[in-house]
Amino acid sequence: MAQQIVQSLQDEGTQSLKLDFSMKYVLGYRSDFKNNIFQYTMNDQNRIIYPAGNTIVISNNENKQQFINCIPGTKGITCMTLSPSKRLLAWSEDCDSGIIVVFDLIKLDKLEKAKNQNYQEPSDKDKLDKQAEKDRRDRFEKEKREKIDKLQKEVKRIITTLDCKSRHYVALDFNKINEKRIVALSCAPDWQLIYFQLDKQKTVIINQVPLKVGDNMRYTHCFFHPKEEDFIVAIGTGAIKPYKLGADGQFKQKDPPFVKKESKDQAHSPNYLSYCILQDGYMVIGTDMGEILLFQPSCEFKTILASSPKNEQFAIQCIQPYSKGFLVGGKECTILFYEKDVDLKNPYKLCSKKIQFRDMKAMITSLLLTPNEEKLIVGVDSGQLLQVPFTSDSMQLNEENSKCEPLFMPFHSDKITGLDVCIRKSLVATCSVDKTVRIWNYSDNQLENSKEFEEEAYAVAFHPSGFHIIVAFTEKIRLMNIFENDLISFKELSVKNCREIQFSNGGHFFAITNVSMVQVFQFYTGENPSNLVFRGSGKVRTIFWEEDDQGFYTGSTDGLVIYWRVDDNGPQKTQIAQFNNLIITSITGLYNPDTTTQGLERILFVSGVSSSQENEGEKCVYKLVISCRQDKEGREITDNTLKKIYYVSQPEQKIFTGTNVSQIAISHSKKLFFFATEDRPGAIRITKYPFTNEIMEIQSHFGPITRMRISFKDNYIFTAGEDGALIIYENKEKEYQVKIENESVEAAAEEFLIPRDQYNDQKREIEKLKRQLNEERMKQEQQIKEKMKDRDDKINQLENQQKDSDNRDLNKYQLLEREKNEMIESYEEKKRMMKLQHENNKRTIENEYKKKIALEMSRNEELAREKEKEEKRFQSEIQQYQEEHLRQMEEKRRHYEEQLAIEKQLYNDLHLKREELAYKFDQKRNKLEMEAEELIDQLKEENESKMQVLFKNLEKAEIKKMDRRNDYDTEAQKLEEQKSKLKGTMEDITSIQETNKMLQKEKESHAKEIDEREKTIRDKGRRIYELKKKTQELEKFKFVLDYKIKELKRDIGPKEEEIAKMKEQIANMNSEILHFKRTNANLKLIVTDLRLRQEGMKKEIEDQSKVIQQNNQYIKAFEQDMSDCHQHIADYKKLKQKVLNLYNQYVQGDDSKKKRLENNDQQKEIMKERAHLETSVNNLKIKHDKNQSVHKSDTTIIMKHNTFLIFEINHLKREKKKILEDKAKMLMQATQKKKQDGTSRVDIDSLEKEIQKNEDEKRKLKEDIEKLRQYNDQIKNQLRQQIQNQQDDDEDN
């Protein structure tokens, strides 16, 4: 038993590997959930947020990306949302208990700035000694780490609750007012609305969303009201549920929004796919059938927009608001525009223009409009991100300015099946099930080349030169040249179902798989020598070439690892190992550097997926040490060389991973080992080689990883998965990269292939442009010289003009200076005069003001004395009024207490009467129900017994009818056979008559010849005698045939009578069946009438119960109003007002209420009578329709009989005509034969008798037809009479 050396990579002793290794770029987009594209913060409109793989990507126009990774151990993002201020990003992840992650984007920017902050070296003036410089640097690094740790804790918050039994949430939304609360909708099985407080990180409210059992209800969205933070709405397939936060802290469901919907025009599909809250507070919801539902801000249904694309069944997947209305996205990459309208019934109208991407037929799942409304970003379900120029004016839209283009570059839309990296160039090639092959530049993060084919591509391989690739398709393999903008095939190999292609390290060979067979082709010739066709067992899944290209290893689905030699220095096939219940998916290896023997040891690593549950716990990677030795016994005679034999020199080692591994690889520097997982989510694990207990894991793919490759310098790693994403990782550790001494080799090659015609065209174009450039230079130099001359002339002219203008300005300045001095002197004189005038006016105004002040002071003293007198009088009046008010209040209180006692006594009496009436009513209602149930049960039993008897009779009649019909069919078949025989005999007779005619002609010719030639009379006479004998024999044969015809007619006669009798019996049976059906229909109508009466009684009972409830509410309202009056017993005015209200409400309104109740009773009686009349009318309509159908079936039967009779009459007419023609011909023949034969007369007599007989039969048939017509008329009259009687009965009813 082989010794197992267990090296576990998942035990408790593992540590995190510290390595500068991270994702550089993600080429892909996840479109499996909707509304997942967001704009970054308001200040930065160039960055877009979207999910790709198992991460969230923040990408900008400069082709750079930031990544927000998911929590390790979860299974991917399920929904996303962004706060209104675009600061907080929240998403949910799939795990055992639902997880919500809230991410602060502003602090993310601060974190990036802190990470990029570097230590600034001091200037020459501030130079310190080495120790102080070191302390300062250490202090800076410590502060930087503390700041980064603090921001990392603040930037991401994880929210979860144990009350959630779901694995994930399907919808999230932030509170629109302060963004401190978030609502989440969990999926099956519990469907909960959970309300979180972000500042405290706790669950505030949990409310179970009711889900009807048996319905296909599924909630997909939840959101806050934009202006009310306690109003939440949940929508989905089959439901719209609004909730309001109650005073008790729990959500209470409001009325459904469709309660008031009564019109049939408002019927719509219940599958709500998308929603949008518009700027005016209205809500728009789209359905799968194209209806756009408009809701008021209170979540009350208003209308279905008349311009909804419901006739096209345009499933509305997403809705995006904009300044003039909203956009609608759906199938076939079509975006519709809706703008605000003045019509109150339909406030939004559909614009005539729309955006449609004609080249794509995918479904739009996400829409994002930039804040300045200049660009529209579209996400489609084929995994593509598109952009289109946008304008809010729909009239400016046309095909030119609405052309779409990829936002960054086209991605794969389905599972990536092939991946390979180029050695000489920074290129990586991928192929996918979406029938495309793409070549990416991983240094510039650009798509270099792409081509779409008609078949799915399963594998791709890059030639080491970087000029060629090989792609495996469903039916063939194509060898292609890589041109600047195209991939052109130069050879095709007809190999089917190839799933793996690998170039040798030198590029002169490439190996392909063909189920269990591996074929090695010479690349430069495209030949496959017979000695390079290797056959194994099981499907080959992976190929690994040795470094010297002398052979390669293969792994298959049956767990076999086989080494195949390409040269002749050993056995062509060597089985290295076999692993039971293992599907091998990847092999890698290296030469053992510790080997000291002559032969080099090879270390091989094998990974795969367990094919049985027995080995499910043993998930590991196998390590094999392979050695070679020389086979001295099997020495080659031709060249005296020794063959090499390969064998496993050490026991296999197991490297436990804890998960299925799909791909493994070792770096070219032999210092790092990479694992790619098969499980979801797809993760890449890195560990040092030789193996240690340090591991680094990045869960980057949403689905399993299908391919993994490493660049030649080990600075980049590439993975591709089933989620259609290609992820580029960057290794910045120089220690773990390949060290290349020659610096010229480090630069990637930039050569590319170009067709010779294109090269010549470009060369000619370059020469032409050079000539044009020289000509343009000459022209420009000449133009510059001329311009310089013109410029100098203009400068001189301007200088002269400037001198003249300076002289004129100087003269003007001197003149203005003199005027200024004169004006200053005049203003000084005016100022002195105004000061004197102001002093005189001031003295006069002060004297007048002092006089007015003295008068006002004396007047104020008089008013104060009057005020004291008025206050004393007012106090005495207030005291008198208070005493009077208290006396009146006491009297009224006593009066109202007496009235209250009387009212209470009346109330008690009314309460007792009500209880007595309710008791009597319950007794009567129970008695009526018992009687009605007994009567219904009795009628049910009688009807069921009658129905059973009728069904039994019907079954017996059906059986008899089928038997008679079978007999009729057999007899009709026999009759047809006899008619066909008779037709054959008549054809024989006609052929004989034709031969007879020919003989008659010959006879006449012979008679003429007798008259003309006397020499041949004897010979002709003999011939005439022979011909006579022949005619006699033919006449006898004719007689025999006539006799047979008569016998056949005798046999047909009784059979036709039997057929007629059977027809009559079938008609009678059909009439009986119709009678049974009518009786059955009448019984059904009686049953339905009884059921309708029962429903009417139930409605009466419900109406009575409603009346009782109304009376109870009336009494309770009175009690409530009385208690309100009692509260104001101390306040006289309020008490008076309340009592007056009670009197007006309950005393004066009694008569009107009684009249209203009486009117309601009369209306109820009228409604009952109307319902009874409507049911009777419906029953009469059903009877009439049934009678019409019976009458129609009878008339069709009669028409069929008539057509049959007309057919028989026409047939007899044709026979009569034919017989008359035959009779005329026979008479002509008889007159010609009278002279030669006496027997012809007898034949003519027999023919005349036969004709007479046919005439008699024809007359009888006419009589039978006339009788049948009379019978049909009688049936029609009877049916008309029955219909008239039924109509009379219905009118009487």
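Placement of Cβ uses the backbone N, Cα and C atoms for every residue, glycine included.
According to Swiss-Prot, the feature coiled coil maps to 756-1016 (among others), an assignment based on sequence analysis.
According to Swiss-Prot, the feature coiled coil maps to 1045-1079 (among others).
The coiled coil annotation in Swiss-Prot covers 1209-1285 (among others).
If you look up Swiss-Prot, you'll see 122-143 marked as compositional bias 'Basic and acidic residues'.
Summarising the annotation, Swiss-Prot assigns region 'Disordered' to 117-143.
With a threshold of 8 Å between CB atoms, the same-chain residues lying at least 6 positions outside the repeat 'WD 1' (72-113) that come near it are 30, 33, 35-36, 38-42, 49, 51, 54, 56, 66, 148, 151-152, 154-162, 164-174, 176, 179, 182, 184, 186-187, 196, 198, 680-681, 697, 699, 702. According to Swiss-Prot, the feature repeat 'WD 1' maps to 72-113, an assignment based on sequence analysis.
Here the repeat 'WD 2' (309-348) has long-range neighbours at 34-35, 268, 273-279, 282, 284, 286-292, 294, 303, 354-357, 360-369, 373, 376, 378, 380, 392, 394, 397, 404, meaning same-chain residues at least 6 beyond its ends whose C-beta is under 8 angstroms from one of its own. If you look up Swiss-Prot, you'll see 309-348 marked as repeat 'WD 2'.
If one looks beyond the repeat 'WD 3' (359-398) by at least 6 residues along the same chain, the residues whose Cβ comes under 8 Å of a Cβ in the stretch are 28-31, 33-39, 42, 45, 48, 50, 315, 317-320, 322-324, 327, 329-335, 337, 339, 351-353, 404-408, 410-414, 434, 724. Feature annotation from Swiss-Prot assigns repeat 'WD 3' to 359-398; the stated evidence is sequence analysis.
Outside the repeat 'WD 4' (411-450) by six or more residues, the chain places 24-25, 27-29, 63, 362, 382-385, 456-462, 464-466, 469, 471-472, 482-483, 485-487, 499, 501, 703, 706-712, 716, 718-726, 728, 748-750 with a CB less than 8 A from a CB of the stretch. Residues or ranges marked as repeat 'WD 4' by Swiss-Prot: 411-450.
Same-chain residues lying 6+ beyond the ends of the repeat 'WD 5' (535-574) with a Cβ under 8 Å from its Cβ atoms: 499-506, 508-509, 511, 513, 515-518, 520, 580-589, 591, 602, 604, 606, 608, 611, 624, 626, 628, 631, 641, 643-647. The repeat 'WD 5' annotation in Swiss-Prot covers 535-574, and the record cites sequence analysis as its basis.
Look at Swiss-Prot and you will find 700-739 tagged as repeat 'WD 6'. On the 0 to 100 pLDDT scale, the model's mean across the repeat 'WD 6' (700-739) is 92.
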Cβ contacts under 8 Å made by the coiled coil (1045-1079) with residues that lie 6+ beyond its boundaries:
950, 953-954, 957, 960-961, 964-965, 967-968, 971-972, 974-975, 978, 981-982, 985, 1186, 1190, 1193, 1197
For the repeat 'WD 6' (700-739), sequence-distant contacts whose Cβ falls under 8 Å of one of its Cβ atoms, 6 or more beyond its ends
19-28, 30, 52-55, 76-77, 383, 411-421, 423, 426, 428, 430, 432, 434, 440, 442, 445, 586, 662-665, 667-669, 671-672, 674, 676-684, 746
